[in-house]
């Protein structure tokens, strides 16, 4: 294969991996944008979604995508409950309290899964796991392509929710200025519950969608996802969920090109370096509007 | 699971509650929570099968053998606290643990406390090289496993002369075991005249290996030598097919040995080779029967991890029978003089090549044939012939 | 002030007697003391100065590696390598802070994770520097005045000295001009600047001191383990545990981080030996309970109630 072909192939793979990262990060972008708390449990909620797909697949023989029907509402209400009974109580305490609370939640989720499912990695085997789709000499992985489509649909839906509905406007208002939102009559406590519910729902959806592609382990995987989600959030920027796609794609392309043409053992570092550079030189993110230096 | 917790609780309570009357207590440090819990579960199954067998056949000189299992939360500081409590409690020996980051500090501590130790899971060379007079390992290490793979490659090369095997590409995680096995592989490759055309490691991430596999495709290696943990190996195999990376021999250590590998990879798992310390179809007396017992206890398909747990306790029991369980010196001497045959392997701790307290166990090479793990090497232990070479993906 | 010095005296008295009373529970006590020292060092930056770092494992790893490599490759005694580690940690913290102190709040915390993760990868991959992923053994150690540094008793006293020195440092700083600067920057950087305090310089000093102290504890941890692997010692999990310990105990208080270490390590050990596989689950629940019912940390909450009582008394009187 000529150099250019390989390069295009790598770019395509990077963009598709970016879709995966965006999917993992989208829920966190929303929650972080509105609540400004470091949610250490985000990755664990993604893993929880993966296990729900595994469970429905094992018990009822459902295709992972079918289990979204049940997993989405459960995820939303789980998020609302966690926010109501835990996070809302610490929102006015020093910010580290919320961080700590999510750490506790993360430990509880991971270990509850460990006790229920055991420690072996799980996934759902689909017939198209190694299939590819060819365009102009570039091979696209079928599972990655499906994940990419799911990302676009989910982000489009979230975009519509935020920009076309009353609740969406309230969420954006709360994100930009909580006090101001209160003054114009928005119940920001309720908005926080809804936002966290949506965040968990998006995490669970990401987990379900990615199970044909990725693997779930009770305690390891969650931390990896959380870290990627933060990178996506910071790269893309806040205040604009579409930016999560940009952040994800940037992360995917940087990682894949780094691993393809430089040292592959530093793959996870390339994204982090990009993350630091963006934080330092363009703190509002690639497409965000909120300035992070406050 | 609740039963298992209750059993573990009961075991702990019994060990604390009942004074040492007519029983011999062995301390076990195992990873039951945290990152290595998947392995800890398997080891515990094997230990329990061995415990039942030992007590059914009269225990230790007529006394019941009991196990006190302490969780190390997959971290060294908890393991060391557990080791200290065992050392002060007067157990004749300690068995533990899985990860080398835990087992290394354990070995150092127990050596200084003069407590005999049998390694449960860690396979890192450094535990028994230079080792210590107090540390014993019945299972394999990276030198033994690396050699098994290259003996297998040599064997394939001599049996099928028309299939050239000259180049090898290596892909491995950045953990202690994958790194040391890769290092041993590189040493053996240059010693035996293989050319290393790819050498890439990776950190734990989201299991995307396409960039590395695409790089390898350009180098067109005859042999793929891959060392990966569970899910990484599954993803690598799926993506190898996806990007069309062909090789005549595909060896995937650790991951491909697990029963779940075949389930999760499906047909693409065929032809993959992997080294293990034990397999159900190996031609050792009692192996098949051990498999049945492990399977019954595990409630699922057992792997070589269960067998290694079983092996560790059988070695302990054998030494305790020949020693005075009250004297750690005598237990240590008995362990050093070990010479037994078990359904897992033969065990003797003759030190050689700079190793100490290391059993020169023979590693087996399994190949996945029609969705089943089959022992294919070494010849005298093999159940079937290896299928070689691996056909190209486009023809499968 | 006298109150805190008495506290320090009690710690030393209990500490000196401990090995004789509990000769078989030294490992756990060493863990408590090391975490007390680390969390107190962390608190200099995280609590007193309000900059929550989630990368302190880097300094633990730095200290442990200096001791291990210094001993095994160059035959350098641990006291020299610990001093070197402290100096290098301070320099590293200077550059690290210079790079990231323009960020505030959660953004600073996130940037520390990123830097620490990159350092972890360097420690794993650069074999010429660290010995690589397979780790380093400490096989021999010098015997100053005939003391075997491998004995748990000797290690206990090292950890005790470490924790004591760190807490004493914080006691002194809390009353010094520097301590007030730290708090002023934490409360409001702009007002602090208006009062003639350079926020960045203050934060840099706090970070450097915090890093240097942490790395000394890391050196002791290296000796205790006698075998270190980069995955474990540079892990994000360890960074998080250090921050957790300080926050649970009470940020910005002198004794909070030490109390946090006692509670978390003690509870962790108790759960480990009684609840088998479920122990980490219960540990998670404990963290949640503390966050919900004592949001300012154990000592922080006690101090707040104490102050409220004082005000109430004054109001009545």
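Backbone N, Cα and C atoms are what each Cβ position is placed from, and that goes for glycine too.
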Matching range for TrEMBL feature annotation, transmembrane segment, among C:181-197, C:232-248: C:232-248
Where TrEMBL places transmembrane segment among the ranges C:32-51, C:52-71, C:112-131: C:52-71
Contacting positions for the transmembrane segment (C:206-226) when only residues 6+ beyond its ends and CB under 8 Å are counted: 27, 30, 34, 37-38, 40-42, 44-46, 48-49, 51, 53, 56, 59-68, 78, 81-82, 85-90, 92-94, 96-97, 101, 137-138, 141, 149-150, 155, 158-159, 162, 165-166, 169, 182, 233, 242
Spatial neighbours of the transmembrane segment (C:77-99) far in sequence, C-beta under 8 Å, 6+ residues away: 55, 58-59, 62-63, 65-67, 69-71, 111-112, 115, 141-142, 144, 149, 200, 203-204, 207-216, 218-220, 223
